[in-house]
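Feature list (source: Swiss-Prot):
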BINDING   His2  Ni(2+) binding site
BINDING   Cys78, Cys81, Cys97, Cys100  Zn(2+) binding site
Amino acid sequence: MHELSYATSVLNAILDAIKQQETLGRKVIKVTDINLEIGDLTLLSVDQLQFVFEVISEDTVCNGAELKAEMVKPKIFCMDCEFEGNLDTKDELEVRCPKCESVNVKLKGGKEFNIVNATIEFDDEE
């Protein structure tokens, strides 16, 4: 279950960002949601990622934060016919160009795992 390491990375990144804000004198109340961009080729289960995040963030300001994920389709570039576009992911190990059937292709995406943004509530009242 590699979802645990990904969820831990997200939590640590958000907590680091919160520490930076706190050094600027801002008081964080809570994190309400976190938006992710996840490539299909990471083979992550979003449901498992959300569950694990819920468990590990329990005693933090991220407790209750909604983890949202936008899945990113893999893209390929064919070295033979120069086709560039989305790759239809099937249960096959061999990747072929959908235009010419060549296996001489380069992956150009689909392995992403990015934090797009997070909504953080601050207590800025003095």
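Glycine too: its Cβ is placed from the backbone N, Cα and C atoms.
Keep in mind the model is a prediction, meaning the values are calculated, not measured.
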- Item | Cβ neighbours within the same chain of Cys100 (Zn(2+) binding site) - under 8 Å, at least six residues apart | Cys78, Asp80, Cys81, Phe83
- Sorry to bug you, but what's the C-alpha spacing from His2 (Ni(2+) binding site) to Cys97 (Zn(2+) binding site), rounded to the closest Å? 29
- Neighbouring CB atoms within 10 angstroms of the CB of the residue listed as 'Ni(2+) binding site', all protein chains considered, total 12
- Note on the structure: Note on Zn(2+): the CB centroid of Cys78, Cys81, Cys97, Cys100 has further same-chain residues inside 8 Å, namely Met79, Asp80, Glu82, Phe83, Pro98, Lys99, Glu101, Ser102, Asn104, Val105
- Inside 10 Å of the Cβ of Cys97 (Zn(2+) binding site), count up the other Cβ atoms and send me the figure. 21
- Residue among the binding-site residues Cys78, Cys81 whose Cβ has the most other Cβ atoms within 10 Å: Cys78
- Message: Need the DSSP three-state call for Cys78 (Zn(2+) binding site) to compare against my parser.
- Response: strand
